[in-house]
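Data block below; observations after.
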Amino acid sequence: MGIKFLEFIKPFCAVLPEIQKPERKIQFREKVLWTAITLFIFLVCCQIPLFGIMSSDSADPFYWMRVILASNRGTLMELGIAPIVTSGLIMQLLAGAKIIEVGDTPKDRALFNGAQKLFGMIITIGQAIVYVMTGMYGDPSEMGAGICLLIIIQLFVAGLIVLLLDELLQKGYGLGSGISLFIATNICETIVWKAFGPTTVNTGRGTEFEGAIIALFHLLATRTDKVRALREAFYRQNLPNLMNLIATVFVFAVVIYFQGFRVDLPIKSARYRGQYNTYPIKLFYTSNIPIILQSALVSNLYVISQMLSTRFSGNFLVNLLGTWSDATTSGPARAYPVAGLCYYLSPPESFGSVLDDPVHAVIYIVFMLGSCAFFSKTWIEVSGSSAKDVAKQLKEQQMVMRGHRETSMVHELNRYIPTAAAFGGLCIGGLSVMADFLGAIGSGTGILLAVTIIYQYFEIFVKEQSEVGSMGALLF
């Protein structure tokens, strides 16, 4: 059935826009240039407002997910990377459940990637229609069919640009992937803004700066009671405070520490005697993939819940899925779940919220740990990183594990890789929960993604430098 499905979509994949693989080795400085160009295009799209929208001031149901999904409300990047990640989630679940089978051949892998791109484009159109028809930009009946269609076209073209930018980097023209680059940029931008944002907000305590560090100096300079000023700077509510910033730095340090955990399996050359090496199996074997897929799952659940609650607010089943309320605190208008499944799958707002509703906290922890472990375990099967795939790669490189024959390598690798994938996913989920409870800036998931992505870029840089030999030769 799997091969039939891939063969069925083959004609559609042939007409999709595609980035050709480079015909020569791309130098590091060229990769840096292409990466910078890709990032520049993304940031420009984040600032260009959608033409034709009547209003984007209503409560934002995806406020909590925007940092993770690299989206910016009311702009061309309204959808962010959500369509790409959602299509990856769907294809992974289909492959993991054996509904479709992906072979080891390059042809099957190419068809699988093509199917993922096709689904990404379909999801982009679907999400654009949902956003417009649920009134996120104004009443569709007042805007008219022409304006609604124009907004949908803008969102689709922007989504296609994101798909192609991601493929550009994935094909080897740049560093890393577009998804990782956009997420890390968005999260780092949020952290810097929450720390140094110069905008002022009128609160019950008076006018305060949004940035936690600027607010510290402002409070110390304007308040006569310095001890109370320090207390406010560290613990103020509804605005970034210094404890949030300290929690963010702490989570950064913990994740970087865990990045170093790995098991080195001794391998040797089957051709040349005396040539030994090691194959590292990291604790975060699947890196940040589990948390990205988990975020995609939750964000799509939010989309469906918001769409249904807008149309059928009194329905019992709709309320069971999620009941939403608009935030009454200072800051941007946002909607948040107050009951139903969406509420229990959303992180508690603070440690105080954990004490107020421990059932919510327990369900959220179980969901995070379970979903991350599941996605991590299934991802290795469809991404070419399972024990069978690793054994095949070592065999192609004429390497064998010391003390084991070629035939027993898969069995030995199976002792480590699935365990590392599941336990690593569990740790990723646990660290995300810890960051949420500590109140880290940008959400626990966002911080975790930022650290793992920055670490990936650090590893890429070190690898490129070791191949060239010196820093000067790498950049000039």
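Using N, Cα and C of the backbone, Cβ positions are placed for all residues, glycine too.
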Q) Do Ile19 and Gly442 come out on the same side of the membrane in Swiss-Prot's annotation? A) no
Q) Considering only Cβ pairs under 8 Å, which range in 34-53, 145-165, 241-261, 446-462 makes the most contacts with the transmembrane segment (289-309)? A) 446-462
Q: Would you mind listing the long-range same-chain contacts of the transmembrane segment (145-165), meaning Cβ under 8 Å and 6+ residues beyond its ends?
A: 17, 19, 38, 41-42, 45, 50-53, 76-81, 83-84, 117, 120-121, 124-125, 127-129, 131-133, 137, 178, 182
(Q) With Cβ-Cβ distances below 8 Å as the criterion, list the same-chain residues six or more beyond the ends of the transmembrane segment (173-193) that contact it, or say none. (A) 19, 22, 26, 30-32, 34-35, 38-39, 42-43, 66-70, 80-81, 84-85, 162, 165-167, 210-211, 248, 288, 292, 441-442, 446-447, 449-450, 453-454, 456-457, 460
